[in-house]
Structure formats: structure tokens, C-alpha cells
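A.B. asks: Please see the structure below; I have some questions.
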Amino acid sequence: MSTFPKISLRPEVENYLKEGFMNKEILSVLGKQEAERKYETLLNHLSHPPSFTTVRVNTHLASVQQVKSLLLDELQKQFNGISIPILQHPDLQDILLIPVIGPRKNIQKQQHEAIVGAQCGNAVLRGAHVYIPGIVSASKFMKAGDVISVYSDINGRCKKGAKEFDGTKVFLGNGISEVSRKEIFSGLPELKGIGIRMTEPVYLSPSFDNVLPGYLFLQNLPSAVVTHVLNPQPGEKILDLCAAPGGKTTHIAALMHDQGEVIALDKIPNKVEKIKKNASLLKLHSIRAFCFDGTKALKLDMVEDTKGKPPFLPESFDRILLDAPCSGMGQRPNMACGWTLKEVTSYQPLQRKLFTVAVQLLKPGGILVYSTCTVTLAENEEQVAWALTTFPCLQLQPQDPQIGGEGMLGAGLSFEQLKQLQRFDPSVVPLQNTDIGSLRDARTEDMIWLANKDCIGFFIAKFMKCKSTQEKDHQK
């Protein structure tokens, strides 16, 4: 049973998404009724958080067991002595999984209310406290120390500073206000820091605000799988083409034991600073981050290398990760997406530009991993079909570890090719109701299975470049 309404989309976006999930290939295999059920189930899952919080241990600085022990102590403090298990993933040894408790149904709603923006609301559902900039509205007489019911304005209709709001709002739980309404909306320079400390969230997840910095990186499970699929080796030269905020970049460096060279590109300056900050925090020295547009990272008319800075000579890299900019329609929880169809469909051409650059920058025999955190056919399987047709030098490769399901029908790929892809589809399991009692009785292997299935929507494809693309360029 859904706790929240299914994700709200513009009608033209919902129709576009539905067409992808009810294409001719799928209908011929599943039938209309089953295809429609799967699609509606997916929309329901997207508005709810995954069943587990996933953290990656920075094995460059500490062992998984050391960090697990520290984290158990931290959770005991956060959850007032409630014992929550922490599981080490059997196929991803540097990954720890923490079950999410919820949805909790018997939380008493309070007289005082605060309305937060949708993004802030999504973060609260995954364990965050409410930060002051996220508060859109608060009850008239709210003061510091009050117990407050927190709601998410999923459609963005609440006016900043309103004293009450009767529009569509979703209950996220209760917390204690750290500041008064007057301080939040005083008109003085914007306050930062925690505005409401969540004490009774609908979904109970640990807060990772300043928890074991340097030792842990909060990351969705499929995002950690990607780097293991890339399988970076010590001494290699690796490119992370769209790298911010640096989760995968730092993971690459850690798996290489910080030996080799990891080049990270992003075109937004403050995001590049974030990559550098994360590399420094995790004490990884093999990373070099540049503010540079990945679509311009190839320089064909260069005679010599530009001292390791972008743009780069063709066939410079052993492995390339293209975690492409995408419509992000696999992110969870997400109760509303206000994007237009033009915005959602704008990513496919950009992804192709970046992919074309990546192929040319990859050495013969090198590995290219393409990934997105979206569920659309156009940005995933259709891109694989396009790549295999456009670049005869590429061969699709099996993936290890294979944790997600196979690719989706509809792009004309063979069953063998679909088996070599990984599509993480949260709709394959029912929405979960997890309480302390059910955790005590659960088997570890069942919890791992659930963590693998009930995560964000995500896609991974792995290619090998079998021959040089340089010869073709010289013949032109």
C-alpha cells in the first residue's frame, strides 16, 4: 500500500514515459495489462525512498570492519539505543547497507506546521534534518523548541513566508524547531544550519551530516556498482567525463589504491570545487579535477599533450566512465517532476555528443562504461543500440558484478545484448513496510536481495573498444 501518491508528472511527460514502457516489443512479451501494471508500480515506487541507506567505505583510509564498528556506535546514539543491523554487501565489499524503518503510521500530527520545498522533503525522507533554506512556510507563532509537523510542498505552490498552506502537502514526520518563524523570515541575510531537527520521521534513516567524514561516502547502491563494473586497475589513466560531485571519481581512485591518474571533468566551477574537496577529505592524491566541458575534451589538431590538462589527445585513456547528465527520472524519493517534455528529451543528443568524445579518447582495448540515473528507454537501451551501430569498434561486454536486472525491450537489442546490460528497476518488488520486529526475524540474504532490488532506477552498459578509431580519421 502506497504511503504517498505516485510521482506527479506533466501529462505529456507521463504519456512519453508510458509509451516507452508499453512499446511493441514489451507488449508482445508481457501483454498490455501486465505492462501497464509494471509502469504504474514504477510511478508509485519513485515517490517512496529505497529500503536501504547505502554508504561506501573509503578503504584507502580504513578497513570496512573498523568503519562498521564506528557506524554501529553512531547509530546507537542516533536511534536512542534501538539496534539496527549494518550489513556488508557480499558482492561489493566496500559497501555497507542500513535498513530504513518505515513507513511509520502512528505519528501524531502537531498543531504547528512547517512546509518545506520538494527537494528538502526528499532529503528528509532519506534521513536529513530540515535546513533553514528549505523552509518555505511556518505557523504564525512558531518558536524555537516547539514540536512541529513537517510537510512537503510537492508541487511548489506554497508562497515563501506564508503562515498557513492548504494546497497539496505530504506529511514527513515531526521535529523540534531550532529557530523561530520570526528568525527564518526576518528578511536579514539568509540563515543557514538546521532549522528543524527531525525526531519522528515517517521513514527512519540515519543522518550522515558530518558523520565519520573521510571514512564514509553516502552513495546509492547502483552508483557504487558502476565503479566496480569499470574495474579500474592501479597505474591506469582513467577519465571520469561528467564527474561532479565526485562520488564515483573518489571510488575509482580508492579501487586503484590511489595509484595511477584519475582525471575528473565538470563544466560547473562550484561542482569542480566539490570534487576537489571530496578528494582532499578522503585523502586521495591521484585525482585531478578540471572545470571543462566534456563535449570539448577531445583535441584533434594537437601535436602534443597539453601537460595532462584538457583537451586531450585521441586514445589517451585506459578506461572512461561516462555517468551522463540525464533526466534523473530514477531518483527516489521524487513525488513531483515539473519538467516539460522538451527538457526530458533534451538529454539524448547531449549524451551522444559526450559518448562520441569518449569513444575517441579511449585507447584500443580500453573499457567505456555508460550509466544514467534515469528510467527512460531513449537515454538507456536506445543509446546502446545507437552506439553499437555508430561505432563498429565497440563491443558490448558482460558486467561484473551483475546485480541489476537485464535491459528493457524496445530498442531492437537482442536477448543476449539485453543480458549484458544492467537496469535497476525498483518496480520488481512490492513497496516495503519495515519495522524493528521484521528486521529481527529477517535473514541476511533476504535483506541483501531486497537492497539490490529496491533501490533507485539506474542503468549501466559496458563496452570494449576493439580497434583504433585513428586509422579511419587519417583516411578522411
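Placement of Cβ uses the backbone N, Cα and C atoms for every residue, glycine included.
Annotations in TrEMBL come from automatic prediction, not curation.
Straight out of TrEMBL:
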ACT_SITE  C373  active site, nucleophile
BINDING   C242, A243, A244, P245, G246, G247, K248, D266, D293, D323  S-adenosyl-L-methionine binding site
DOMAIN    141-466  domain 'SAM-dependent MTase RsmB/NOP-type'
A.B. asks: Express in Å, rounded to the nearest integer, the largest CA to CA distance found among the S-adenosyl-L-methionine-binding residues C242, A243, A244, P245, G246, G247, K248, D266, D293, D323 named in the record.
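C.D. replies: 19 Å is the greatest Cα spacing among the residues binding S-adenosyl-L-methionine.
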A.B. asks: What is the interatomic distance between the Cα atoms of C242 (S-adenosyl-L-methionine binding site) and C373 (active site, nucleophile), given in whole Å?
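C.D. replies: Here the two Cα atoms are 13 Å apart.
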A.B. asks: Please report how many Å separate the Cα atom of the residue listed as 'active site, nucleophile' from that of A244 (S-adenosyl-L-methionine binding site), as a whole number.
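C.D. replies: That separation, Cα to Cα, works out to 14 Å.
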A.B. asks: Under a criterion of Cβ-Cβ distance under 8 Å and sequence separation of at least 6, what residues of the same chain contact A244 (S-adenosyl-L-methionine binding site)?
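C.D. replies: Looking at Cβ-Cβ distances below 8 Å from A244 (S-adenosyl-L-methionine binding site), excluding near sequence neighbours, one finds D266, I268, K271, V272, K274, I275.
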A.B. asks: Within the chain of D293 (S-adenosyl-L-methionine binding site), which residues six or more apart in sequence place their C-beta under 8 angstroms from its C-beta?
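C.D. replies: Set apart from D293 (S-adenosyl-L-methionine binding site) by at least 6 residues yet with Cβ under 8 Å, we have L265, K267.
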